[in-house]
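Enquirer: Shown below is the structure under consideration.
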Amino acid sequence: MAEGLRVAAASQAKRLKSSSTNSEEIEKQEENGHQAKRFKRDQEDVEDQNKKLPKRKIVLLMAYSGKGYHGMQRNVGSPQFKTIEDDLVSALVQAGCIPENHGEDMKKMSFQRCARTDKGVSAAGQIVSLKVWLTDSILEKINNHLPSDIRILGLKRVTGGFNSKTKCDARTYSYMLPTFAFAQKDLDPQDETYRLSQERLEKVNRLLACYKGTHNFHNFTSQKGAKDPSANRYIMEMFCEEPFVREGMEFAVIKVKGQSFMMHQIRKMIGLVIAVVKGYTAESIMERSWGEEKVDVPKAPGLGLVLERVHFEKYNKRFGNDGLHEPLEWVEEEEKIAAFKEEHIYPTIINTEQEEKSMVNWMNTLSIHDFSSTATGAQANDGSSKNNNELDGSDGCDDDSD
């Protein structure tokens, strides 16, 4: 009988324990449910609060150092290729400017970049347009969530239908390079003591000026054929500024302004001028390169290419003084732009050139180009790398609006 009592007691204790466990699980589930509901309510409260804020179309003035990034444009589905827009979108979400789902689908915020800079290319005056909630201290909040080599330097309200890509009249790029790139080919290509003479600078500028006007640039990209009308591009100006010395090496900056540029076009324009100045080919090749035949045009290194500024002259004329919108000019931000270049862009170009010697290594390949004949083989080889370039973000500029 005592044994029966012990069994009964044990059974009752087991039932009580099981009941207690079930009760705890139910309470835990209920608590989790309450937490989920509270979290959902908090999210809804944030959404409701943000919806009360004005949502407006704006443009952001951006500056960034492109080293370490696979270009400007986001590579959806390729997270291993870090881009400028990845960091920008993340900062916009964290700053409370856009909801998280807009970061996942950028069309929801009408996002558009003015120019698609590619792998390693920097910018001092990139413009993006998008719709955001205009929170207080919005620039400070966004920059707090960005790395130091990406900065938002300005913000302006624009018309509701504004698109930074299609409304852009022209883009200005710069290309910073060591001046020994213009030395005669029989000189030491690594001579950092080389200084560009005034006479040679004048020759460089005379050749660069030949690009002004409208030409067929099918030989300056791997994407267009000679009969493709979109290969015709209008260049407004192109010149080399006075050289300067940094870290014991002389550099110069080439500026080029055009309506739009194709992938690798600027680098090939500069590469061909370097080949002519150094004596690898005759000046006549420039005019021949605008004809229908294939010409072997060398492509200068991507290091040194910077998107300087973008121009909205037609928009400014129509809306810049309408009393509601400001002209898209950035006079007040000029000091911040210059400071960013001095701190992040120029040192990166100079240090990378000294460490990796990209210009020297590239100049050593000029002798293998056959400038006197058509470049069927060379052009085919250049074009064969197109798919690889697109996968890794490329390494030139491409703001083609086709």
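Here the Cβ of each residue, glycine as well, is placed from N, Cα and C on the backbone.
Any TrEMBL annotation is an automated prediction that lacks curation.
So TrEMBL lists these for the protein:
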- Asp118: active site, nucleophile (ACT_SITE)
- Tyr173: substrate binding site (BINDING)
- 25-34: compositional bias 'Basic and acidic residues' (COMPBIAS)
- 375-391: compositional bias 'Polar residues' (COMPBIAS)
- 392-402: compositional bias 'Acidic residues' (COMPBIAS)
- 211-313: domain 'Pseudouridine synthase I TruA alpha/beta' (DOMAIN)
- 1-50: region 'Disordered' (REGION)
- 375-402: region 'Disordered' (REGION)
Enquirer: Counting across all protein chains shown, how many other Cβ atoms sit within 10 Å of the Cβ of Asp118 (active site, nucleophile)?
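Expert: Asp118 (active site, nucleophile) is surrounded by 26 other Cβ atoms within 10 Å.
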Enquirer: Measuring Cα to Cα, how many Å separate the residue listed as 'substrate binding site' from Asp118 (active site, nucleophile)?
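Expert: Cα of the residue listed as 'substrate binding site' to Cα of Asp118 (active site, nucleophile) measures 13 Å after rounding.
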Enquirer: Around the C-beta of Tyr173 (substrate binding site), how many further C-beta atoms are within 10 angstroms, looking at every protein chain?
Expert: 25
Enquirer: Per DSSP, what is the residue count of the domain 'Pseudouridine synthase I TruA alpha/beta' (211-313) in each of helix, strand and coil?
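Expert: Computed counts for the domain 'Pseudouridine synthase I TruA alpha/beta' (211-313) are 27 helix, 34 strand, 42 coil.
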